[in-house]
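Taking it in order: structure first as C-alpha cells, then the write-up.
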Amino acid sequence: MSDAPQRSQPTLSLHDSQRRATVPFEPINPEHVTVYYCGPTVYDLAHIGNLRAMLTADVLVRLLRHLYPRVTFVRNITDVDDKITARARANGEDIATLTQRTTQEFHADLAALGVLPPDIEPRATHNIGEMQAMIARLIDNGHAYEAEGHVLFSVGSFAAYGALSGRNPDELEAGARVEVAPYKKAAGDFVLWKPSDADQPGWDSPWGRGRPGWHIECSAMSHRYLGDSFDIHGGGSDLLFPHHENERAQSLCCFPGGRFANYWVHNAMLLVDGEKMSKSLGNFLTIRDVLAQAPAEALRLLLLGAQYRSTLNYTQAGLAEARRTLDRFYRALEAGGVTDAASAAPTDAPMPHGVLEALADDLNTPKAIAELHALADAALAGSHDAAVALRQGAGLMGLLRASPGEWFRGAASEGDDVIDALIAERLAARKARDFARADALRDELQAKGIILEDTREGTSWRRA
RNA sequence: GGUCCGGUGGCAGAAUGGUGAUGUAGCGGACUGCAAAUCCGCGUAUGUGGGUUCGAUUCCCGCCCGGACCUCCA
C-alpha cells in the first residue's frame, strides 16, 4: 500500500530444491548470512552455461547484501580433477600452469560481466588436509571404508541418502549407466579418496598416495569456512545429483550435529539455439566468444531475462534484443540527467520497491526488468528521480554500470574530433537547406558505424 | 526404462481460480526536410482431451511435445 513505510523490506522467498517448494528465507543468524556455491573446475575457458550459475549467485548475493547486514559468500576453485590432469597432458604443460591460467581467465571473464568476487575463494589443493580429516572421521564412524587403495562412502550407511534429489537408492542402482567398480560394496558408493600413480597429482595419506574424489572438496571447504550449518548452497541443476546429494551425505555423516545447507538453490540449464551446448554440435559458446560480439551487459541482461529456474534458450537474436533494451535504458538515464557511471554515484538512493519485491520473490529477474522499463518510461519523460531509481534498481542486478556516454560512444578516442567535424559540416549544410549534402555526410558517418540523433538541443551520436 | 521440470502472442518472457504484465518484432499516427530517437494508438497467445468448479490458462487425470538428471557437466 502507498502508506507503507519506504524502508520496509520485502520478505525474501527462495525455491528450496530439497523441499521442492518456494519458502520464506529464514537465516540461521540474521546478522550474518552464509552462502556456498560450487565454483569452476579450472581446465578450460568458462562457457555461458557456467556463467548462468555465477550470475544467479551474483544477483542472490547482491540482494542478500541489500537485505542483511553481513553476508559471507564462499565459492571454490576446483584445481584438482582428472579432467585437469588430462588437459594438462594434452597441452604439454604442467597442471599448475594450466590451473593458474584458467583461474585468471575465469576471474577476468566474470569481472567483465560485473560479477562481484566471492568473499572467500578457496582452492581444493589448499584444503587437502581438511578433506583427509573428514575422510578419516567418516571411516571412524562407519560411513566409509577402504578398498584397494580407495576410500569409499557407504551410501547404505546414511538413511537419508536420496532425500535431497528425491531419488530412491534402490532405483538408482537399477538405472546406473556406469559400470560398477569391483571394489565397491554397493553400486551407489562413491569415491572419497583414490590412489594416484606417478603421473597423477597426489598427496600422502593414511590410505597411500592419492587424490580426493570430487564431492569431498566442497564438503571440506564449506565446513572450514562456514561451519556445520550454513544458509544457502547453490549451483546448476545438473549438480543436484550426484554431487550435492553426495556432499550432503558426507557432511551430515561427518558432522551429525549440523544441518549442512538449509536452502538449496539450483539454476536450470541454458540451451543454445534450442539445443544443449556441446562441442560436437558446434554450439559451444565461451564467455569470450560472446563478448567478442556484444557488450558484457547485453549478455548479462539476456541471461537475467528468464527466471533462474526456467530453461533459457540463448540465441543471437536474443543477444541483439538485450543490447537494444540497454540502449533504451541508457537513453532513459541520459534523459533523466543521470550521466555519470554507477561507480561514481552516491549509493544512498532509495531502492525502487517494485524491483526489490520482484527479486525478493525467488529472484524474479524478468519481472524486475519489467519494473526497470516502467522507470525508464518515467525517466524518458524527464524524471530525474526515476532515472536515479532506474540505475539503483538495475544495480541490484549488476546492470547499467557504465555512464550513458561510455555506453553509446565508448571511451573518447582519436576519431572523435573527426566525427564532431563531420557533424558540424552536416549542420551547416542543413542550415543552408542543402539536404543532399547533409544526408551524404550522415551516410558517411553511418558507414563508420556512427548513428546520428537530431534533437532540439543539437545533434548527438552513438556507435551502432 | 526410472525420477523430475516445463509447454503462454512472430519471438523473448511474467502472472493468475474471475476482463493474460513487460519487452521486441509488425501495423497506423504524431514529431522530423528525411532519418534516428521519443511519444500515441492497434492487432495477435495459455500444446491437446477429459474432470472438479458458477467460472480453469491456473487445480486433478490421460495424451502429445520439449528439457534436465539417472555416479566426477553450471
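A Cβ is built for glycine as well, from the same backbone N, Cα and C atoms used for every other residue.
All annotation found in TrEMBL is predicted automatically rather than curated by experts.
The feature compositional bias 'Polar residues' is assigned by TrEMBL to A:1-15.
Positions annotated as region 'Disordered' by TrEMBL: A:1-21.
Residues annotated as Zn(2+) binding site in TrEMBL: A:Cys38, A:Cys218, A:His243, A:Glu247. For A:His243 (Zn(2+) binding site), the same-chain residues lying six or more positions away in sequence with a CB closer than 8 A to its CB are A:Cys38, A:Trp214, A:His215, A:Cys218, A:Gly235.
Annotation source TrEMBL lists motif ''HIGH' region' at A:40-50. Per-residue confidence over the motif ''HIGH' region' (A:40-50) averages out at a pLDDT of 92.
Within the same chain, residues 47-49, 269-270 sit at least 6 positions outside the motif ''KMSKS' region' (A:276-280) and bring their C-beta atoms closer than 8 Å to a C-beta of that stretch. Positions annotated as motif ''KMSKS' region' by TrEMBL: A:276-280.
Annotation source TrEMBL lists ATP binding site at A:Lys279. A:Lys279 (ATP binding site) falls within neither a helix nor a strand when secondary structure is assigned with DSSP, and so counts as coil.
When the alpha carbons of A:Lys279 (ATP binding site) and A:Glu247 (Zn(2+) binding site) are compared, the span between them is 29 angstrom. Each of the binding-site residues A:Cys38, A:Cys218 was scored by the number of other CB atoms within 10 A of its CB, and the lowest score belongs to A:Cys38. Here A:Glu247 (Zn(2+) binding site) comes close to A:His215, A:Cys218, A:Ser219, A:Ser222, A:His233, A:Phe260: these same-chain residues lie at least six apart in sequence, with C-beta atoms under 8 angstroms from its C-beta. Residues A:Cys38, A:Cys218, A:His243, A:Glu247 make up the record's Zn(2+) site, and a Cβ search at 8 Å around their centroid adds A:Trp214, A:His215, A:Glu217, A:Ser219, A:His233, A:Gly235, A:Leu239, A:His244, A:Asn246 from the same chain. Remark: secondary structure over the motif ''HIGH' region' (A:40-50) totals 3 helix, 2 strand, 6 coil, with classes taken from DSSP.
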